[in-house]
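Asks: Annotated ATP binding site per TrEMBL: Gly300, Lys301, Gly302, Gln303, Arg304, Gly305, Lys312, Ala313, Gly314, Lys315, Thr316, Ile317, Arg343, in sequence order. For 59-71, the entry in TrEMBL reads compositional bias 'Gly residues'. The compositional bias 'Low complexity' feature in TrEMBL is assigned to 72-114, 130-146. TrEMBL lists 147-170 with the feature compositional bias 'Basic and acidic residues'. Taken from TrEMBL, the feature domain 'Rho RNA-BD' covers 184-257. The region 'Disordered' annotation in TrEMBL covers 39-175.
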Amino acid sequence: MDVKELEKKKLTDLKEIAKTLGIKNYYRYKKHELVDLIQGKPLEKEEKPGESAASNVDGDGGINTTGGTAGGTTAKSTATNRTDSDSTNNTAGGTTAKSTANNTASNTVSDSANKTAGSAAPKNTATNRTASNTPNAATKTNTAKTNETDHEPAVNPKEKQEKTSREEGLPTHLQSEISQDKEVNVANGILDIHMDGYGFLRMNNYLSSDDDIYISPSQIRRFKMRTGDKITGITRKAKSGEKYNALLYVKKINDLDPEIANKRWDFDQLTPIYPNKRINLELASNQLATRLIDLIAPIGKGQRGMIVAPPKAGKTILLKQIAKSVAMNYPESEIIVLLIDERPEEVTDMKRSIDGEVVYSTFDELPSHHIKVAEMVLNRAQRLVEQKKDVVILMDSITRLARAYNLTIPPTGRTLSGGLDPGALHMPKKFFGAARNLEEGGSLTIIGTALVETGSRMDDVIFEEFKGTGNMELHLDRKLSEKRVFPAVDINRSGTRREDLLLTPEELEAMFSIRRAMSSNSVQDTTEKIISTLVKTKNNREFVQVIRKKLQ
């Protein structure tokens with residue numbers, strides 16, 4: 001290749017050529033040195049592997065470079081025009097002297113250098129110390145002026161490249177992938193690992209799209225990535241024959257340094273305990289539904305709750321109010337609303353109503369679509385809990401998720417009433433059973449809805465299978481909703497296991513009194529009286545005091 005063509009190329013291109021030719025320590029050389037090496041010309045002084053010349057800038061701005069030769073002394077002064085004819089090589093024990101000054105200065109340098117023939121070459125230190133064989137002041141001044149005019153201070157090209165890389169957020173070893181004139185693309189998404197080992201960053205609704213980013217199996221193994229991780233990194237454009245952009249460099253995993261993320265716990269190894277920290281849903285005095293839930297069926301961090309509701313009983317509105325209350329009272333909690341097999345207008349309304357993440361799959365999608373969305377939400381929630389965060393999932397509904405699994409799993413050969421395959425209940429139970437309060441820190445709260453009285457035998461079987469798996473149940477009454485009494489909560493059938501861990505002694509005593517009164521009176525009449533008392537009081541504390549006075 002011609003010298004002029006090589007000089008036009010960038011330093012990074014020359015390094016790639018040198019690497020291809022097998023030149024050792026190619027990354028240490030400057031541009032003009034790489035040109036000479038590629039052309040096959042030997043350098044005037046070749047460094048051994050692991051050794052480097054000491055470059056120091058003296059007080060006059062000149063650059064002094066010293067290096068030892070076998071049994072001799074070498075004094076080098078940088079020349080204005082670099083030619084091979086400017087150097088004089090002496091035999092072993094002799095001296096080589098270069099000069100850019102006039103003949104008088106050159107002779108002075110030669111005489112001074114030859115006096116020390118056979119001795120070791122003095123090395124310049126960081127403080128620019130010089131020995132007695134240093135060129136005179138005139139030579140030093142002329143050299144400094146020449147260097148100031150024609151050369152910049154020597155900077156290690158590797159260090160310069162690393163500095164540019166840090167400014168752009170791109171590591172040094174990836175400079176060849178993305179040229180400096182292109183903008184560095186930083187993307188983030190939720191990781192979905194394929195069964196073959198590779199993965200994709202999902203951007204929209206946790207589902208596959210053309211904007212997904214490919215992650216190689218080696219990156220997944222190195223950083224111990226898991227499905228549901230939020231990955232932030234630098235990407236490159238898809239090459240010829242590729243469909244997706246690829247991840248080049250991992251910057252963050254779940255907003256943490258990748259090395260820190262490697263040390264996290266596994267979700268299944270954490271210890272589940274009963275919920276002991278209460279989630280207060282009470283906001284305004286007119287929010288009767290959340291106030292009633294706080295007393296009748298309190299929700300704690302890590303609760304596994306089920307809202308059992310017939311059609312048109314107000315379960316969707318109740319979920320919306322719970323989401324608003326959690327977002328207002330606990331802004332540090334992560335809220336995910338999962339809508340399965342839902343109406344599109346309900347999805348839009350939920351997105352506009354709550355301050356949280358809404359993940360959905362409408363009823364016009366395939367059952368496999370419903371399943372994929374649910375599994376991604378569960379994995380994402382588990383990754384957040386591993387970071388000791390409090391996560392709340394509001395799911396509508398468990399019944400529709402079980403229906404989707406019933407249509408997609410391979411038949412087991414057995415069938416329950418209503419055409420339900422027993423194998424279809426395994427994954428919905430795994431989803432619902434993931435809710436737990438963890439002793440090591442963090443919690444996953446899942447509040448799901450179950451449909452009853454729909455006229456479908458399958459829905460009743462699904463509810464019967466899930467009965468008893470939760471530690472909190474809230475039953476909605478169709479008769480109350482038909483009478484337009486809201487919230488249509490069946491107080492007698494609703495409750496929370498170990499509610500004594502969540503309620504105060506005064507609240508617990510008031511709830512016992514209410515339940516005793518309901519056993520001897522009509523449930524609907526008692527519920528209407530309680531709701532009317534809630535309307536007249538400003539908050540639950542005042543309500544408890546009123547109830548205790550009435551029942552004393």
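Positions of Cβ are set from backbone N, Cα and C atoms, glycine also.
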Asks: Is it possible to get the count of other C-beta atoms within 10 angstroms of the C-beta of Lys312 (ATP binding site)?
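Replies: Other Cβ atoms within 10 Å of Lys312 (ATP binding site): 12.
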Asks: Looking only at Gly300, Lys301, Gly302, Gln303, Arg304, Gly305, Lys312, Ala313, Gly314, Lys315, Thr316, Ile317, Arg343, the residues listed as binding ATP, what is the longest Cα to Cα distance in Å?
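Replies: That value is 30 Å for the farthest Cα pair.
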Asks: Under 8 Å between C-beta atoms and at least six apart in sequence, can you list the same-chain neighbours of Gly302 (ATP binding site), or say none if there are none?
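Replies: Pro272, Ile273, Tyr274, Pro275, Ala435, Arg436, Asn437, Leu438, Ser443, Leu444, Thr445 - these are the non-local Cβ neighbours of Gly302 (ATP binding site), listed in sequence order.
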Asks: I need the most crowded of these binding-site residues: Arg304, Arg343. Count other C-beta atoms within 10 angstroms of each C-beta and give me the top one.
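Replies: Per the Cβ count, the most surrounded site is Arg304.
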Asks: Using a 10 Å cut-off on Cβ-Cβ distances across all protein chains shown, tell me which of the binding-site residues (Gly300, Gly314) has the largest neighbour count.
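Replies: Selected residue: Gly300.
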Asks: Ten-angstrom check, please: count other Cβ atoms within 10 Å of the Cβ of Thr316 (ATP binding site), all chains counted.
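Replies: Result for Thr316 (ATP binding site): 20 neighbouring Cβ atoms inside 10 Å.
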